[in-house]
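Reviewing the structure listed below.
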Amino acid sequence: MHDPFPIPPIKWLQRASQPLANLLGLETLPLHIHEIAIAGFFYHFLFAFLAPVLSARFAPGHYAQLPRDKKLQWNMKVVSFIQSTLISGLSLLVINLDEERENMGHAERIWGYTGAAGMVQALAVGYFLWDAYIMARYTDVFGVAMLVHGVACSLTFSLGFRPVLNYYGCVFMLYELSTPLLNIHWVLDKVGMTGSRLQIGNGIALIATFFSVRLVYGGIMSAHLYSDVWRALKLECESVVPTRDFHVQDAFKLLGPLANCPLPRWILLLYLGGHVTLNSLNVYWFGAMIRAIRRRADHSDKTS
């Protein structure tokens, strides 16, 4: 499936990104660099301008009274809500509509590429790079764990531009299905609805979604990922060489260049290291959410 992004590649931006792509072996980066840049600028516009204006307009009694750190967190929640809704929706569309991706075998799931999956990956990288910048700038507000999350996601998803593990980009972006509920839960706290029935109901939905998507589905797909990586380590290079000529701009499906075969150990360590870090954070955050929901329930019991 070709890249459905409505804005075509920007030639000067492609040329500017080519040296970096050559240096890091990110063969498909120039095809998607405009999507990364557009996503980053879009989310910063939301964070720095649109979120404060809309929040002051529609929640004046709450937003205006927040201290600086809480306003930054509020603005981030607005951006996160929009981003997670968009990226999880796009991931579901690509997973269900991209036939080339669906028909990939285990070797193609490691080295394969489609334009549509590349678009999802690029939009995710644009967000995570911006997110890492914001977390580094405001570490005192958001904490080191969120900075680690932004950096790990940026590195992990950027590897898809080699291309390697491009198939799994859409899969693990489905983790974001739980994020809108998390943001709603946080906002309800700030508008004086702590312990309300709405927040308790949202909390139950959040825990169910987080557990189902990130821990259960994520655990299953992680097992598939580790299995594919293990099999890729044992493949002979000749078995993954393309059987016909192709040009990357026109390819529906691209098996990685010989430079990616066999699978370099540093890629394995970087990707799986980032992946294990993210899964560990998911377990940590799930426990934190359980504790938070219990506190909300206790608050509700005391005020009833």
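For all residues, glycine too, the Cβ spot is worked out from N, Cα and C.
Copied over from TrEMBL, here are the features:
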TRANSMEM  36-58  transmembrane segment
DOMAIN    69-298  domain 'TLC'
TRANSMEM  78-98  transmembrane segment
TRANSMEM  110-129  transmembrane segment
TRANSMEM  141-159  transmembrane segment
TRANSMEM  165-188  transmembrane segment
TRANSMEM  200-220  transmembrane segment
TRANSMEM  266-286  transmembrane segment
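Across 36-58, 141-159, 165-188, 200-220, the stretch most heavily in contact with the transmembrane segment (78-98), judged by Cβ pairs under 8 Å, is 165-188.
Panel annotation: around the transmembrane segment (266-286), residues 145, 148-149, 152-153, 155-156, 159, 162, 164-165, 172, 175, 207, 210-211, 214-215, 218-219, 222, 225-226, 229, 233, 260 of the same chain, lying at least six beyond its termini, place a Cβ under 8 Å from a Cβ of the stretch.
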